[in-house]
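Peer 1: Here TrEMBL flags 39-340 as domain 'G-protein coupled receptors family 1 profile'. Look at TrEMBL and you will find 26-48, 60-83, 89-115, 136-156, 189-212, 288-312, 324-343 tagged as transmembrane segment.
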Amino acid sequence: MANTSDLGESNPSLQNYAITASAVKLASLGLIICTSLIGNVSLSLLVLKDSTLHKAPYYFLLDLCLADIIRTTVCFPFVMISISSGSIWAYSLISCKIIAFMAVLFCFHIAFMLFCVSVTRYMAIAHHRFYSKRMTLWTCVAIICMVWTLSIAMAFPPVFDVGTYKFIREEEQCIFEHRYVKANDTLGFMLMLAVIVGTTHVVYIKMLCFVYDHRKMKPAQLIPAISQNWTFHGPGATGQAAANWIAGFGRGPTPPTLVGIRQASHNANRRLLVLDEFKMEKRIGKMYYMITLAFLVLWAPYIVTCYLRVFVKGSTIPQVYLTAAVWLTFVQAGANPIICFIFNKELRMRLRACFPFCVGTQTPMEPYCVI
């Protein structure tokens with residue numbers, strides 16, 4: 001193939017177009033890197049600093065942020081170097097395989113992690129008692145370790161040429177070489193990614209159906225008991241009022257018949273999902289579903305190009321579309337913090353509390369008096 005200088009000597013307008021395209025690529029990728037680092041580092045520090053966010057869904061969010069930070073700092077600079085070098089890989093074949101391995105690793109990592117998060121979100125809504133007892137810090141650590149193990153298992157075989165990691169000039173990066181299905185083994189990896197993303201959406205649909213079905217339940221109409229000096233009578237006089245007081249829901253002084261009986265204190269492992277907790281869990285579930293949907297939307301164009309290369313022999317994909325598809329996968333690294341702060345009110349409140357210098361404040365007005 002002719003290089004850029006040869007094309008420029010024969011057609012100066014084509015050379016100007018190539019220079020402009022490279023400048024746009026570098027500028028856009030630089031903006032993506034800055035946005036990703038600022039957003040993911042800020043969100044990670046917020047989760048680490050604020051003890052009220054030390055909960056299972058935010059541990060998973062911290063893992064996603066750290067993965068995006070590593071991907072941004074390790075993989076993206078090599079893409080910028082390849083663009084500046086004229087779409088060539090200036091390093092060894094081993095280094096190209098390492099960068100490609102890490103790129104595929106982070107892709108499968110977020111897919112597996114979002115699937116596990118969808119399962120935990122469903123458990124938090126549909127089986128809250130089991131979720132509150134079992135979803136401890138060590139359970140989260142075990143899930144995160146399992147996700148990384150599965151991701152490494154999916155990304156490691158092409159290092160030994162089960163499939164091929166190489167520099168793809170049209171994409172400006174080291175990645176899978178997707179060829180026709182009879183000449184390459186990448187179809188299995190692409191099918192696995194599609195199955196994971198599809199199953200994740202199925203879990204969220206099941207959770208949505210559960211919430212919708214239980215919204216139609218009507219609260220029980222109870223007739224309250226009448227009390228005179230803690231002597232309950234009337235239709236509701238079944239002893240439940242006194243039992244409620246013992247359980248910690250009573251008000252006022254201790255009834256004479258219950259003096260000496262210890263009132264139960266509230267604990268964190270409540271049996272039922274109260275309204276405030278339900279709203280919080282639903283809000284976190286909505287946030288994670290938007291992250292999952294963004295992952296699907298941003299990766300779908302590139303996945304389509306991969307399937308075209310696998311199933312259509314000798315397929316030619318327009319360079320503009322391919323470049324846009326690849327850059328959308330880069331955008332995904334910086335999209336998660338933006339989605340989190342938009343769809344999670346709790347994170348916005350904690351951000352204002354922990355980093356007040358990052359949020360604009362109104363200048364207090366001086367007091368005045370009327371003469």
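Placement of Cβ uses the backbone N, Cα and C atoms for every residue, glycine included.
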Peer 1: Under an 8 Å Cβ to Cβ limit, what residues of the same chain, 6 or more beyond the ends of the transmembrane segment (324-343), are close to it?
Peer 2: 25, 28-29, 32, 35-36, 39-40, 42-43, 61, 64-65, 68, 71-72, 76, 79, 107, 110, 171-173, 283, 286-287, 290-291, 294-295, 298-299, 301-302, 304-305, 351
Peer 1: Sort out the residues at least 6 away from either end of the transmembrane segment (60-83), same chain, that have Cβ-Cβ distances under 8 Å to it, and list them.
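Peer 2: Contacts with the transmembrane segment (60-83): 22, 25-26, 29-30, 32-33, 36-37, 40-41, 43-44, 47-48, 89-91, 99, 102-103, 106, 109-110, 113, 116-117, 120, 140, 143-144, 147, 167, 172-174, 291, 330, 333-334, 336-337, 340.
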Peer 1: Tell me, roughly as an integer, the mean pLDDT over the domain 'G-protein coupled receptors family 1 profile' (39-340).
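Peer 2: Across the domain 'G-protein coupled receptors family 1 profile' (39-340), the average pLDDT comes out at 80.
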Peer 1: Same chain, outside the transmembrane segment (26-48) by at least 6, Cβ under 8 Å from its Cβ: which residues?
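Peer 2: Counting only partners 6 or more residues beyond its ends, the transmembrane segment (26-48) has Cβ contacts under 8 Å with 54, 58-59, 61-62, 65-66, 68-69, 72-73, 76-77, 79-80, 83-84, 327, 330-331, 333-334, 336-338, 340-341, 347, 350-351, 354-355, 358.
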